[in-house]
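The structure under discussion appears below in the form of structure tokens.
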Amino acid sequence: SGPWSWCDPATGYKVSTLTGCRAMVKLQCVGSQVPEAVLRDCCQQLADINNEWCRCGDLSSMLRSVYQELGVREGKEVLPGCLKEVMKLTAASVPEVCKVPIPNPSGDRAGVCYWAAYPDV
């Protein structure tokens, strides 16, 4: 129960694919310049998630799908020059970059998804 239960696909919630954020995170992680249009698309897709409690969960789902697509294992490079840990932190900071509000239940850094501190994401 609680606000996260609204974000559970088992209850009918449709997880956003965040294709713009997917492209942005990949580009940032390898040190490439992110085109303004990609940044704008990502931020708009994140802002379009009406329930702010679901934004970090959707980013986490997006990240897991990137790992799965690329066949990433623990502690490996996701892309040449991009370590998994760096990609995770990059994805977790998307709400801060986009200035899109997310809940901050832990009181930690505002705008950074709480799961960035956990090794299993």
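Residue numbers in this text run from 1 along the chain shown.
In case you wondered, yes, glycine gets a Cβ from its N, Cα and C as well.
Per TrEMBL, the features are as follows:
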- Cys7-Cys54: disulfide bond (DISULFID)
- Cys21-Cys42: disulfide bond (DISULFID)
- Cys29-Cys82: disulfide bond (DISULFID)
- Cys43-Cys98: disulfide bond (DISULFID)
- Cys56-Cys113: disulfide bond (DISULFID)
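Ranking the disulfide-bonded residues Cys29, Cys56 by other CB atoms within 10 A of the CB puts Cys29 at the bottom.
For the disulfide-bonded residues Cys7, Cys21, Cys56, Cys113, a Cα-Cα cutoff of 10 angstroms around Cys43 (disulfide bond) retains Cys21. In this view, Cys7 (disulfide bond) is surrounded by 18 other Cβ atoms within 10 Å of its Cβ, with every protein chain counted. Using a 10 Å Cα-Cα cut-off around Cys98 (disulfide bond), the disulfide-bonded residues Cys7, Cys29, Cys82 reduce to an empty set.
Using CA atoms as reference points, the disulfide-bonded residues Cys21, Cys29, Cys82, Cys113 were checked against Cys54 (disulfide bond), and the closest is Cys113. Ranking the disulfide-bonded residues Cys54, Cys98, Cys113 by C-beta neighbours within 10 Å puts Cys113 at the top.
Comparing CA positions across the disulfide-bonded residues Cys7, Cys56, Cys113, the one lying closest to Cys21 (disulfide bond) turns out to be Cys56. Reported as a whole number, the C-alpha separation between Cys56 (disulfide bond) and Cys7 (disulfide bond) equals 10 Å. Cβ environment of Cys82 (disulfide bond): Lys26, Cys29, Val30 lie under 8 Å away, each six or more residues apart in the same chain. Residue environment of Cys43 (disulfide bond) contains 19 other Cβ atoms, counted within 10 Å of its Cβ in all protein chains.
Neighbours of Cys21 (disulfide bond), defined as other CB atoms within 10 A of its CB across all chains, total 28.
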